[in-house]
Amino acid sequence: MTEQPQEPLLSVTGLAVDYGTGRRRARVVEGVDLAIPPGRTLGLVGESGSGKSTIGKAVLGLVPIAAGSVVFEGRDVARLSGRERRALGARRQVVFQDPYSSLDPTKTIGYTLAEPCVNRPAGERMTRQQIADRMGSLLGRVGLGPDAAHRYPAQFSGGQRQRIAIARSLMLSPRLVVCDEPVSALDLSVQAEVLNLLAEVQRDLGLSLLFISHDLTVVRHISHEIVVLRGGRVVERGPAERVYEYPEDPYTQSLLASAPVPDPDEQQLRRDARRALAEQEG
Amino acid sequence: MTAIGRSRALSTGILPRVLRKPLGVVSGVVLLVIVLAVIAAPLIAPADPLAQSLRDVRQGPSAAHLLGTDSLGRDVLSRLLYGGQESLAGVVEAVLAMLVIAVPLGVVAGYLGGIVDRIVLRVVDVLLSIPGTIITLAVLAIFNNSMLVAMISVGVLASGAFIRVFRSVVLGVRQELYIGAARVSGVDEPRIVLRHVLPQLRGVLLVQITLFAAATLGIQTGLAFLAFGPPPPAPTWGGMVAEAASLIQIDPWLLVPTGGIIAVTTLALCLLGDAVRDANQERFTFAGSAARRSPAAARAVERPAAPEPSGRSAAGALLAVRGLRVGFGERGAETVVVDGVDLEVEPGEVVGLVGESGSGKTVTALSLLGLLGANGRIVDGSIRFDGQELVGLSNAKLREVRGAGIAMISQEPMVSLDPSFRVGSQIAEAASAHRRLGRRSARERVDELLRAVRLDPSVARKYPHEISGGMAQRVAIAIALAGEPRLLIADEPTTALDVTVQAEILDLLRGIQQRTGMAIVLVSHDWGVIADLCSRAVVMYAGQVVESAPVRATFAEPRHPYTLALLRSNPHDAVPGEPLPTIGGVVPSPAQWPVGCRFAARCAFATDACRQAPIPMVDVGDGRMSRCIRVDALREAVA
Ligand SMILES: Nc1ncnc2c1ncn2[C@@H]1O[C@H](COP(=O)(O)OP(=O)(O)OP(=O)(O)O)[C@@H](O)[C@H]1O
Ligand SMILES: Nc1ncnc2c1ncn2[C@@H]1O[C@H](COP(=O)(O)OP(=O)(O)O)[C@@H](O)[C@H]1O
Ligand code: SF4
Ligand SMILES: [Mg+2]
Ligand SMILES: [Mg+2]
């Protein structure tokens, strides 16, 4: 993990996002810089409400940007025309946290997977056969049988739905996938499977991931670089190992000390460390 | 891995589901017959509805006149068939008018939100404030008694309420993540509305249409009763009721077919609406599918008797659960989901209950408190709390135990708080249920409890929506502490919280436990939380306890392959860049539990012997129990 990063696939500079209008307008993200080189994973951590999902949405163009820029593949996303932006959908995809609301319950898995493909601009349109082939190979890739295409979301478990959501995000061969807490709602055993799947497709397809989570342990496992967020601002960034093993910012330290570890003795030490940190802060 | 096995072909069609309900079928058929008969009136009516015959006035039913005749000797059946055309057409006109206005406005307002939404809501307010009856009567006066215009105005005036209904449905759908995912994929907005939003509206739409149709039928016939619409001698349902009502002394029979047809049609519409609503609700869920078969219940006889756990004295235990079996569904045909659980908690002990979701942790916890709900019950086993048997206790007695002996906090603290009362009054209520308190001492007790959970006493004046999730969990703990319980059952108390808030809540529970000597049963699927708080871990799989051991021993050398696999899948000890060890497969659902070891399909140590017969819980030394016959092989592998 020491090779020199190339030209970033995604670079975010001075990003600010506001919610609300008029007097209720509030800035929830301020001055955030991020860069993800091709084939790398950037982990975004922070407590609830720190603005992680908001940054993810800004990168996806789901919320308007108040200041700063999002440059994807060398082009400023905010300056694109509607059609260009829609074409961008092909190369920038998303996997959401909630496996229960991220698939339309009224549509078969086949419909959900094919939807991004049937709606392409003329040049990139795929034939029915191409779509079916791709669907079959991706369902296999995420560990489901081809018969899954004829079923409805209610027939799958949470972990299987996340696999389907991952398959959907890969249908158009994207370059970047934003994963907003993709494993937070899953059991430990299922979480491990989904994390492995993400790491595997990333390696095989050379994807870049923006991996959002509140769990530093999970982020450390999958990311090359970690950015720690607090109140909409970046408080610490660096290579995953460094941030996890030797956190510099007190907030990162307390975040780490708060995460319980599966070892009663080490957990005791962490508890003491956290108490010391709290006393230091007053 | 394929889709979970119990899945059956799931039709999204609402119609087949309605047809599966007896009431839906009956009301649907009745409506269909009435509508078809009315439409086909010119073909099937036995007589001319206007033909008078003064020789047979006011006759009862006969072969010549199936429903009798009226005071001018006209055939009642024929008049009903022809009269229905006007009434049913009126219903259709009003419903169409309502849909044309309410669907687009409701969808647009809900989907776009913002300024559009505000304008639409203003329009709705105006619509709702118009006195409908007066306007309809005025319309009839202006438009020369035209029923068509009157019914359209009924539809328009009623659309306000329906706009609200449709808007709120769309508002909910708009938040769904699959809408966001479709948008990211470049699907354009009209298509998203067409493909993802409208299908969700379909069920609600059908329900509202049937109910509104029933209401407009009442309005239409009411107007006709008041002699609006086509003048006599043209037949109308309302007009015929009016005539029958005026003759009630002389000929009571006449009211039966005329009033009856209106009542039957209205009733059929309402029942159909109900059936559609039910069908719509169950459409995307598995309600009841698992509860049908119950092989687990049938196998109960083969269950080996649970041995007394050695090394632990059941006599001194605060809580002693033996062979607990819990089932859901019809009495006698329950699906057993918790199957022979033994659990012991010493005074002041903190026991962790771990396992994947669906393994029966929550059901076990709920059954300790007698809170299983209407369709769940304890099928077998014993729960002794402080020497008292809880199974079979009356609800009143159980409530006493719940108040003072055992308390519970759950994963969703917000749900357990009543949104319409201040936090303080909810704590006070719990405190005075335990012991009689004056107003003054109640307030003091509330302050004391809030301080015990490290909240400022001023929080008492806040409403639940004004506090954060972490604060809500503290309030829930305060309520649980109000009765000074000796045992607290905490079902995933921190799963919905942030790591930082989670750490605070765990600290709080530890502090209270150390101060008051209260015992805790902590349900969690997070090994870190178990390591933090518990002194003993009880691992559950597929409705059974598979391992029980002091917590350090559990982590250091698990004695059950499931425990080992679950511990290994934690990313904490994993090497970054390498795949995490996984278990593979899924937890079998209660209907699919195998005869032998329930973990066999996913177990790395499984042999044929494992699949032959139920595996008993055995003592493996050092106060540890394991439900595995290959503990020795496991011990070697770990060492
Ligand atoms: N649609 C919205 N309108 C107004 N405020 C919002 C909206 N969405 C989020 N916020 C606010 O913006 C801030 C950042 O929210 P965001 O969802 O990005 O947090 P997060 O880090 O993803 O948190 P979590 O871990 O809970 O998902 C929060 O204070 C939140 O209350
Ligand atoms: N109200 C209910 N009706 C029918 N089955 C239920 C009900 N509640 C839980 N179950 C079933 O009981 C089993 C155990 O559920 P639960 O105790 O909630 O698991 P856990 O808390 O370990 O995740 C599951 O198979 C679940 O589907
Ligand atoms: S009994 Fe056999 S299948 Fe079951 S856990 Fe032990 S080794 Fe695995
Ligand atoms: Mg979020
Ligand atoms: Mg549970």
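Each Cβ is built from the backbone N, Cα and C atoms, and glycine gets one as well.
All TrEMBL annotations are machine predictions without curation.
Residues or ranges marked as domain 'ABC transmembrane type-1' in TrEMBL: B:88-273.
Per TrEMBL, domain 'ABC transporter' is recorded for B:321-567.
Residues or ranges marked as transmembrane segment by TrEMBL: B:23-45 (among others).
Residues 35, 38, 120-121, 123, 147-148, 150-156, 158-159, 162-171, 173-174, 193, 197-198, 201, 205, 209, 212-213, 216-217, 219-220 of the same chain sit 6 or more residues outside the transmembrane segment (B:88-112) yet have a Cβ under 8 Å from a Cβ within it. Summarising the annotation, TrEMBL assigns transmembrane segment to B:88-112 (among others).
The annotation transmembrane segment is assigned in TrEMBL to B:119-142 (among others).
Nonlocal intrachain contacts for the transmembrane segment (B:148-166), taken as residues 6+ away from its ends with a CB within less than 8 angstroms of a stretch CB, comprise 90-91, 93-98, 101-103, 105-107, 109-110, 120, 123-128, 130, 132, 135-136, 139-140, 201, 204-205, 208, 212, 215-216, 219-220, 223, 228-229. Per TrEMBL, the feature transmembrane segment maps to B:148-166 (among others).
The transmembrane segment annotation in TrEMBL covers B:204-228 (among others).
Residues annotated as transmembrane segment in TrEMBL: B:253-273 (among others).
If you average pLDDT over the domain 'ABC transporter' (B:321-567) in this model, you get 89. Below 8 angstroms of C-beta separation, residues 18, 23-24, 26-28, 30-31, 34, 58, 60-61, 67-68, 70-71, 76-77, 80, 84, 206-207, 210-211, 213-214, 217-218, 221, 237, 240-241, 243-245, 247 of the same chain, each at least six residues beyond the ends of the transmembrane segment (B:253-273), sit close to that stretch. Within the chain, the transmembrane segment (B:119-142) has long-range Cβ neighbours (under 8 A, six or more residues past its boundaries) at 105-106, 108-109, 149-150, 153-154, 156-161, 163-164, 167, 219, 223, 228.
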